[in-house]
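Copied over from Swiss-Prot:
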- 119, 169, 173, 291, 323, 375: substrate binding site (BINDING)
- 171: active site, proton acceptor (ACT_SITE)
- 197, 199, 200: Mg(2+) binding site (BINDING)
- 197: N6-carboxylysine (MOD_RES)
- 290: active site, proton acceptor (ACT_SITE)
């Protein structure tokens, strides 16, 4: 209960909704907007819970403090301006909050997330809380560099147009020596792939130190380029235990002429990622981003952060590629939801579309796009669906789907390249890949023994599990 004091303010505890629940508020163009899915504790009204989220993620604390008189809370407080029941869910609500622009440091994803997903997620009045979406205002967007280069510049660097890019994660992910690792890279690139990739947990272990890997891989890239007359690359993972070590590895990659490096942006952190992205832009290096740890954060429907938020934040922090799921492979991803955040990664302007989980219209103010990477449990039979779903501005990455070929790495790469080229030709001729995709692959098998062997090996492989990431 609040009470007046000699210092001229009402001390004590008062309901959050008295200050932070403002249903008559109309958000400004400069406000950062957030949509939370909240599950209040029994007995807590949704208006009080929504106001508590607004307070604890902006200017509020658990009690009135006299220093409130030293600032203009009306200018700086977050405002819960709308609450909607979540369809088909008991005691769950979408809570919409507007935050004034001045609450956030320019060009800092770290600062935005510290406010929005900080202490409030441990708040006792809430049983669960999930950040579903953010609308970054253009005024804030313009303070971020974004992707080092973006999709259009990457295409020009590679001189590859009119089709998705093809990649492969080198397997086994751990245990190879640097020389054998470089051999696998060469065979895959020579067989027809555009890129190969370090797995997310390859850093600098006793069996393969980073410098040795970088040198053998660069030798493989240059040899494959000379023999195919195509630009090739390998995502050298520069993620390290410290930012200083990460930048040392990135600098060495630049010195040996590698075209692209890689970072694990969630385990490495947004501050490290933004630092690396700025370096990559300054030095003409592409930046591939892996999302290791994302499912810990985004897989539960009622608590955490949705991946569309992480994807938006990564685009602002900086990344030319980002893993996005496959829809058809072994990793989580329902089609409508996945394509919603894929559009948020690569399009300049995305309209609100609740059917795809997009709660706000987002204008990126001409910021370059991030290319989605489809990776995880995919093989040649998936190629028509992947081309139809993701389109040209994507990277299709086959790890086991390349290296698991019965004839070896290079034939596995050739099988994937033939399947891709066949699908692109069929699409350009007006054929419907969703309906005729398997026929397209079978026809291509007649003139590619490598593809025929791959199709025979993986004809029975499916990953039929219900997607958890649904509306």
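Glycine is no exception: its Cβ is also placed from the backbone N, Cα and C atoms.
Here the recorded positions are 171, 173, 290, 291, 323, and the one whose Cβ sees the fewest other Cβ atoms within 10 Å is 173.
The residues near the Mg(2+) site, meaning same-chain residues not in 197, 199, 200 whose C-beta sits within 8 angstroms of the mean position of the site's C-beta atoms, are 169, 170, 173, 198, 201, 202, 235, 237, 262, 290, in sequence order. In this structure the alpha carbons, written CA, of residue 291 (substrate binding site) and residue 171 (active site, proton acceptor) are 18 Å apart. Of all the recorded positions listed here (197, 199, 200, 290), 199 has the Cα closest to the Cα of residue 173 (substrate binding site). Of all the binding-site residues listed here (119, 169, 375), it is 119 whose C-beta has the fewest other C-beta atoms within 10 angstroms. Taking the C-alpha positions, the distance from residue 171 (active site, proton acceptor) to residue 199 (Mg(2+) binding site) comes to 8 Å. Neighbour counts of Cβ atoms within 10 Å were compared for the binding-site residues 199, 200, and the top value is held by 200. In terms of Cα spacing, the recorded positions 197, 199, 200, 290 that come within 10 Å of residue 323 (substrate binding site) are 290. The binding-site residues listed here (119, 169, 375) include 169 as those with a Cα within 10 A of the Cα of residue 197 (Mg(2+) binding site). Rounded to a whole number, the C-alpha distance linking residue 169 (substrate binding site) with residue 290 (active site, proton acceptor) is 12 angstrom.
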